[in-house]
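Chemist: Shown below is the structure under consideration.
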Amino acid sequence: MTDALPVREETIFAPASGFGRAAVAVVRVSGPAAGPALDQLAGGRPEPRRLSLRRLRDPGTGNILDQALVAWLPGPATATGEDMAELHLHGGLAVRAAVLRALGRVPGCRPAEAGAFSRRAFLNGRIDLTEAEGIADLIDAETEAQRVQALRQLDGALGRQVAAWRETGIELLAGAEAALDFADEGDVDEDGLDAALAGRAAALRDAIRAALADGRRGERLREGFCVVLAGAPNAGKSTLLNALSGRDAAIVSDIPGTTRDAIEVRCDLGGLPVVLVDTAGLRETADVIEAEGVRRTHHRIRSADLVLHLVPADGEAGPEDFAEVPVLRVRTKSDLPSGAPGEGGLAVSAVTGAGLDALLDAIQGSAASALGGGDALVTRERHREALSRAAGHLDRVATAPAGFPPELVAEDLRLAVRALGEVGGHVGVEEMLDRLFAGFCIGK
């Protein structure tokens, strides 16, 4: 049994297109054996970066597998930074399976795991970690605003800004360490150096804090604007959820307490991701299971971006307090004879559709105000946490009192630079790489 090759010496291959039947199937190969794989299957390597029509043959039997377009992409100017090859096959399942089996028999080649190509691009410096996250977000994007935000990340919007901040931090650190080295020189104006260092640290801190002061728009856009439907039992929450989402997502019944657990439905409202959440009716109950549902309802309300407080048109609002989050009062069942609209809120009928367009417009307006148009720099909690730490260290430098030990100033600057490096994946991120790339598609 031979020893396993180091990761950088292995060659990986995988379909880069969907797994179903299609007109064309694309197979990618990356690594030092990509060229030899073409030699064995395609009879040689075509001119670099030009598609060439070739007969693909099984290297073991010589049998023809397919007539395909092949491309030879020598590194390092490739997506992964390595030698690469692409095989554009006919999209039949049997054709693709036969070619993948043949590639598996090429020495040094093995099937790729999820995210393996993007991981190699990151490890070889073709993309930074924020751009890799942009790829993941683009794959997961369900709405136009999510697509726009993901493309900004993939284009390096955050990565370039953080790299510039990190470069400034490195310059400050170099100045602080130089001041330490020449501290014994009598002609050094230590007070002037300290003031200049504090001023530049404050400016860098303020720039980072400005990016953080965005109301968490980036994270909320990735996760979806959360709208919780809350109210007493039989207020029409499940019926309204089904009407707003256009499908029977929740069970509707006249029996109070039918909904016990939260039901989520993801929607696209004007290109914005919205998550509608049906919840258990709010009331005092001796039923242990229903009481747990009510407890979970209160938890969802506290974490919501918007609460739709549903009250039947002929009912009372009740004593519920939703002061912690934005609330929109909705008068339901306006089609009933007794449904004279009460004061305040939007009157809707999930049965006739009356008022639903106005309600959707109101939800979309709230989502647009909260999420923006995909222009946020910070899109993940990981970014926010690292940038907050960097700003904290810079704040200590900027506000250090006279006589503060210069060694501690330098250490704070060093920690700020390290925190900024974590955002782009330059330091301290090994433990989260597996989680990130495991969420990618095979062949990405």
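Numbers run from 1 along the shown chain.
Note: Cβ is positioned from N, Cα and C throughout, glycine not excepted.
Grabbed the feature section from Swiss-Prot, which reads as follows:
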- Arg28, Glu86, Arg126, Lys444: (6S)-5-formyl-5,6,7,8-tetrahydrofolate binding site (BINDING)
- 234-239, 253-259, 278-281: GTP binding site (BINDING)
- Asn234, Ser253, Ile255, Thr258: K(+) binding site (BINDING)
- Ser238, Thr259: Mg(2+) binding site (BINDING)
- 224-368: domain 'TrmE-type G' (DOMAIN)
Chemist: Check Arg28 ((6S)-5-formyl-5,6,7,8-tetrahydrofolate binding site) against DSSP and tell me helix, strand or coil, would you?
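Modeler: Note: Arg28 ((6S)-5-formyl-5,6,7,8-tetrahydrofolate binding site) is in a strand by DSSP.
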Chemist: Pick out which of the binding-site residues Arg28, Arg126, Lys237 has the most other Cβ atoms within 10 Å of its own Cβ.
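Modeler: The largest 10 Å Cβ neighbour count belongs to Lys237.
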Chemist: With every protein chain in view, how many other Cβ atoms are within 10 Å of the Cβ of Glu86 ((6S)-5-formyl-5,6,7,8-tetrahydrofolate binding site)?
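Modeler: I count 19 other Cβ atoms within 10 Å of it.
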Chemist: Quick one: pull the CA-CA distance for Lys237 (GTP binding site) versus Arg28 ((6S)-5-formyl-5,6,7,8-tetrahydrofolate binding site), whole Å only.
Modeler: 49
Chemist: Using all protein chains in view, find how many other C-beta atoms are within 10 Å of the C-beta of Asn234 (GTP binding site).
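Modeler: Taking every protein chain into account, the count is 20.
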Chemist: Let me check the 10 A CB neighbour count of Ser238 (Mg(2+) binding site). How many other CB atoms are there?
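Modeler: Total other Cβ atoms inside 10 Å, all chains included: 23.
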Chemist: Can you see whether DSSP assigns Asn234 (GTP binding site) to helix, strand or coil?
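Modeler: Once the DSSP labels are grouped into three classes, Asn234 (GTP binding site) ends up as coil.
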Chemist: For Arg28 ((6S)-5-formyl-5,6,7,8-tetrahydrofolate binding site), identify the closest of the binding-site residues Asn234, Ser238, Ala280, judging by Cα separation.
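Modeler: Considering only the listed binding-site residues, the nearest one is Ser238.
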Chemist: Taking the Cα atoms as reference points, how far is Ser238 (Mg(2+) binding site) from Ala280 (GTP binding site) in Å?
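Modeler: About 9 Å separates the two Cα atoms.
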Chemist: Distance check, please: Cα of Arg126 ((6S)-5-formyl-5,6,7,8-tetrahydrofolate binding site) against Cα of Ala280 (GTP binding site), rounded to an integer number of angstrom.
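Modeler: Roughly 49 Å, rounded to the nearest whole number.
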Chemist: Three-state secondary structure of Glu86 ((6S)-5-formyl-5,6,7,8-tetrahydrofolate binding site) from DSSP?
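Modeler: Glu86 ((6S)-5-formyl-5,6,7,8-tetrahydrofolate binding site) sits in a strand per DSSP.
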